[in-house]
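*Asks:* One structure follows; several queries about it will come next.
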Amino acid sequence: MSNPILLGIFWHFIGAASAACFYAPFKQVKNWSWETMWSLGGFFSWIILPWSISWWLLPDFWRYYGSFDMATLLPIFLFGAMWGIGNINYGLTMRYLGMSMGIGIAIGVTLIIGTLMTPVLQGKFSVLFGSPGGQMTLLGVLVAVIGVAIVSYAGLLKERALGIRAEEFSLKKGLILAVMCGIFSAGMSFAMDAAKPMHTAAQALGINSLYVALPSYVVIMGGGAIVNLGFCFIRLATCKGISLKADLAQAKPLLIANALFAILGGVMWYLQFFFYAWGHANIPADYTYISWMLHMSFYVLCGGIVGLLFKEWKAVGQKPVRMLVLGCVVIILAANIVGLGMAV
């Protein structure tokens, strides 16, 4: 396995670790509605950071974006909005299925759809079955799905041991939302593929290959921001029991602490895709669709590791922990299979 491929896998792991940890600062926010907290964190992760970093990277910010026609930008933006819808469905999935089953189904679906639909849309799917490297990467995707399923089962055992139930358990609603979440969340993978002309243009300007994907985030995350912020603002304006005015009426020290924690959560959220771009840059051109599989499977892996480190599995018994460790090992095996497939 070559060094660039190993680096690509490593950076995807770092990005996934940031994704697994980003909600920790949000948990420190007190006496704010979820909508206010998510909007502030999201404003930094979807707007401030993508724009600031692109402004710093690009020699002429406005000329760069003005060089693309609407036929190029609109699909990227819409795929970003599609991914934003997936974000909203994610929370609803947890409500109706619980964390473990919800994550298992949603991540499993988005891993498969986001990974395999890209080569299908490119007309390259049959090529994967006809080459040893393609066959091995497909095997790695299958093993990753199995690993995600095992970790999710471990989480289900943990929830049962701790007596945790979904807020409003509904298998029918939850399954529909989980599948929708998985499909729509794959929009980020499609957006990255559609943004290749933007990556090429950034590289032509002399931008380091590790950073060429970052300017496209202005458009991709712009689509996601409109969906997420619109959803939050509508709820703040129409739902009884929550209001921006009430959230901002808290004592000044609490306001400052809440704002800092929300911003930190937003920064950590953005870092997952910052390092996703680094990992993506090191993946061979014929296998860029694998980036999504690596990111999502490592996200589940890192979520399990973070749970162990924070002693969330302390009182659940040995079987759930053994299943968690087994699932993590299977995901690591999947990453190695995919890496070997890309190296063939």
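Glycine too: its Cβ is placed from the backbone N, Cα and C atoms.
According to Swiss-Prot:
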- 4-24: transmembrane segment (TRANSMEM)
- 38-58: transmembrane segment (TRANSMEM)
- 68-88: transmembrane segment (TRANSMEM)
- 101-121: transmembrane segment (TRANSMEM)
- 137-157: transmembrane segment (TRANSMEM)
- 175-195: transmembrane segment (TRANSMEM)
- 214-234: transmembrane segment (TRANSMEM)
- 255-275: transmembrane segment (TRANSMEM)
- 290-310: transmembrane segment (TRANSMEM)
- 324-344: transmembrane segment (TRANSMEM)
*Asks:* Output the single range from 4-24, 214-234, 255-275, 290-310, 324-344 maximising the number of Cβ pairs under 8 Å to the transmembrane segment (175-195).
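*Replies:* It is 214-234 that shares the most Cβ pairs under 8 Å with the transmembrane segment (175-195).
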*Asks:* Do the transmembrane segment (214-234) and the transmembrane segment (68-88) come together with 3 or more C-beta pairs under 8 Å, pairs six or more apart in sequence?
*Replies:* yes
*Asks:* Is the transmembrane segment (68-88) in contact with the transmembrane segment (4-24), using at least 3 Cβ pairs under 8 Å (sequence separation of 6 or more) as the test?
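*Replies:* Contact between the transmembrane segment (4-24) and the transmembrane segment (68-88): absent.
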*Asks:* Which of 101-121, 137-157, 255-275, 290-310, 324-344 has the most Cβ pairs closer than 8 Å to the transmembrane segment (38-58)?
*Replies:* 255-275
*Asks:* Where, among 101-121, 290-310, 324-344, do we find the most CB pairs under 8 A to the transmembrane segment (137-157)?
*Replies:* 324-344
